[in-house]
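These features come from Swiss-Prot:
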BINDING   K9, F57, R85, T91, R102, N112  ATP binding site
ACT_SITE  H120  active site, pros-phosphohistidine intermediate
Amino acid sequence: MEKTFFMIKPDGVRRGLIGEVLQRIERRGFTLDALQLVTPSREHLDEHYHQLKDKAFYPGLIDYMMSGPILIGVISGNEVIESWRTMMGKTNPKDAAPGTIRGDFAQAPDENGEMMNVVHGSDSRDSAKREIELWLGHLTAENK
C-alpha cells in the first residue's frame with residue numbers, strides 16, 4: 001500500500017476547508033493514517049521547500065506558510081501519490097480544473113504573485129518518504 005504526505009495550508013485551515021478536504025480523501029477510498037494540526041517553524045519550512053530557496057517568491061511563500069496553523073498528515077491507498085495530486089489540481093489555481101480542490105477553493109495569485117492554493121501533496125515516493133519523516137518523524141515513512 002502506497003503512502004503520501006499531505007498538507008492543508010494556512011488559507012485552507014483559516015477558511016474552514018479541513019472537513020471538505022478530508023471528506024474528499026475518504027470518499028476516494030483512501031485511509032487517513034495520521035493527522036496533526038501544527039504551527040510550522042521556519043526550520044521545517046526551509047527544509048520542506050529547500051529546492052525553492054533561490055526563487056524570488058520564496059520569502060513570500062514562507063510568510064504565507066507561517067501565517068497560521070496547517071494540517072499535516074499521511075494518507076494511504078493504491079497509487080495514492082498520483083491520485084492525490086490529481087485530486088488537488090494544478091498548482092496555479094488559474095489552471096486548476098473545476099472539481100479539483102484547487103479548482104474549487106484556491107484563490108488566484110495576488111498582485112505580489114503569491115498563491116493561496118489550499119493543499120500540498122508529495123510528488124513522488126522519495127518526496128513522500130522525506131516529507132513524512134520531516135513532519136511526522138515519529139511515524140514510519142516506508143512506502144512499500
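Yeah, the Cβs are placed from backbone N, Cα and C, and that goes for glycine too.
Sequence features, as recorded in Swiss-Prot, placed on the structure.
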| residue | record | Cβ contacts under 8 Å, 6 or more apart |
| --- | --- | --- |
| K9 | ATP binding site | Y64, M65, I70, M116, N117, V118, V119, H120 |
| R85 | ATP binding site | G121, D123 |
| T91 | ATP binding site | R102, M115, N117 |
All chains considered, the count of other Cβ atoms within 10 Å of the Cβ of the residue listed as 'active site, pros-phosphohistidine intermediate' is 22
Once the chains shown are all counted, how many other Cβ atoms turn up within 10 Å of the Cβ of R102 (ATP binding site)?
-> 23
Assigned conformation of H120 (active site, pros-phosphohistidine intermediate) - DSSP reduced to three states | strand
